[in-house]
Amino acid sequence: MLKMLSFKLLLLAVALGFFEGDAKFGERNEGSGARRRRCLNGNPPKRLKRRDRRVMSQLELLSGGEILCGGFYPRVSCCLQSDSPGLGRLENKIFSATNNSECSRLLEEIQCAPCSPHSQSLFYTPERDVLDGDLALPLLCKDYCKEFFYTCRGHIPGLLQTTADEFCFYYARKDAGLCFPDFPRKQVRGPASNYLGQMEDYEKVGGISRKHKHNCLCVQEVMSGLRQPVSAVHSGDGSHRLFILEKEGYVKILTPEGELFKEPYLDIHKLVQSGIKGGDERGLLSLAFHPNYKKNGKLYVSYTTNQERWAIGPHDHILRVVEYTVSRKNPHQVDVRTARVFLEVAELHRKHLGGQLLFGPDGFLYIILGDGMITLDDMEEMDGLSDFTGSVLRLDVDTDMCNVPYSIPRSNPHFNSTNQPPEVFAHGLHDPGRCAVDRHPTDININLTILCSDSNGKNRSSARILQIIKGRDYESEPSLLEFKPFSNGPLVGGFVYRGCQSERLYGSYVFGDRNGNFLTLQQSPVTKQWQEKPLCLGASSSCRGYFSGHILGFGEDELGEVYILSSSKSMTQTHNGKLYKIVDPKRPLMPEECRVTVQPAQPLTSDCSRLCRNGYYTPTGKCCCSPGWEGDFCRIAKCEPACRHGGVCVRPNKCLCKKGYLGPQCEQVDRNVRRVTRAGILDQIIDMTSYLLDLTSYIV
């Protein structure tokens, strides 16, 4: 009631003509390069004089200190004329339909749009010359439109029953023209409005002395037509290829020249069980390249599946971690026959999965797992559930042992413990939304900086950023940052920017939420404390492109540049995913100091990768033979029992017999063969033939 009273008082002031304007101000720059100002009724706006401001101050006092539209447009306004539509233009049912404080704040701002000196431009365009009778809104800035939709859609029933893209298709400004809000907004959290050049003319003409910071960054659309891209990583081999993961089970290569290879680098879509509904986290989860990938060709993949051998048991699906090796002949394709299963975790639910894989500077593989929404009752009542849930695992994959895929680092906190699995490095996580390793940590006391986004177990509506430290329990451990998200979207972890192009972003941890809001964390060099700051991204008026859609993940290339992966729909089958790169508009896209020499990807050249064909080789270069093979590089076949009468074992349990002998081990004499007196010569020929056949089998 108090808010409505304040608006009525303002309308009364308009009707009685309390405000007097100077028509010359609104007409001053009509012929100049400044943006043409017109109110909704076609008249120029008026300048506020001192007595007008006193009246506004009195109205603010009557409203209990609420800032009215005079606070948004303190110098020039269209609410000073008796024939102005004023605030009543937008006084319909939606502005009193919510008790949500955040939504109310946005509605109060939108109510003041008719008072803007650019109100005619905000409400009328050639494509939209008639106002909608049910919901009369100005043309909103794209990020503001999304913020309004996601904040208010649950509090204004019946009016916003649509998607964010459809809503903003009509109510967001599509061209480079002015959009609402056209006044500086104080941001408690979240990005500032994504416009860089739209306030400049207004401040110059209006005589506003406040300093407006033009420190926004931009996004450059790199690739479109992707299917639910969830991550983008590099191999660290000098080729500067970017490997894009699609949720359905594909990994694609983007070259430094911007070409997307037609043939996928990895295709396991027949193994991957992916979810098609929003909130279903199943699918291809993560990819990490071995630090020595250039020599050993090893990579590690995590995905969800449901194979037959797990068909019986207390689970919905299986989270699996697998080692693959790149093809010996084609460096742009994985040999799927080299798959070695590292880890399998039974999951009951389709959320809180985690599955992030990454290598630390210590060379160990880190696996970040969510709690899978598993309760203590689930753990007690059902056998077969993993003890790894909600944990960070640390494994040593550089092992020469052929019977186990990894070893346990002796520095793991539970190496000799009986209470925790020795693989566990830290635990107490709930819903890790992506983690990243800082490649250049600034704190000399910490040689490993892993930052993760996570939900708060005690209060699921809040989120937190964690710094993963050895042996910590994050059920009780304080987080780096804990806050209530500025929208209802879950957090999506990003990367610590260590690139070259956007120098202003250097050292900042870039992350966001699912609904397209971006934040950064910066560590103070003095206090070592992490401070939260909004990340401002410019709109199309100041940048070559703008961000749209939901954030699915972040990526990092070999130079340390950060990428954003998005999609406007949650269906995995749709090709509307995009890849964006964060760039600084004040610097060239590729400054001279950022240029590096690209090394074309080459096939593996090590002896083990070329000769170990009847087995697999470990990341350290040891050839582990498949059953039935032995010797150096597994080139000697084994026959058990051994071949008799001079027969040669050419394949596992396959003997090539001399003439005159039969049977699996050449143990039988062939009675039908005529004996030849020169048996010695024939035996030599048979021996030579056996050798040639054996050699041919190796070559094949």
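Placement of Cβ uses the backbone N, Cα and C atoms for every residue, glycine included.
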Scan 207-219, 376-388, 389-401 against Swiss-Prot and say which stretch is down as region 'Interaction with SHH zinc binding site'. 376-388
Mind checking which of C612, C639 has the disulfide with C623 in Swiss-Prot? C612
Partner cysteine of C500 (disulphide bond, per Swiss-Prot) from C402, C594, C608: C594
Report, in whole Å, the straight Cα-to-Cα distance of C536 (disulfide bond) from C218 (disulfide bond). 8
Spatial neighbour of C594 (disulfide bond) that is closest, considering only the disulfide-bonded residues C612, C634, C649 and their CA atoms: C612
For C543 (disulfide bond) and C666 (disulfide bond), the CA-to-CA distance in whole Å is 78
Out of N416, C452, C624, C643, C649, the recorded positions in the record, which is closest to C666 (disulfide bond) when you go by Cα distance? C643
Sequence-ordered disulfide-bonded residues within 10 Å (Cα) of C657 (disulfide bond), taken from C452, C612, C649, are C649
Hey, what's the Cβ neighbour count for C218 (disulfide bond) at 10 Å? 25
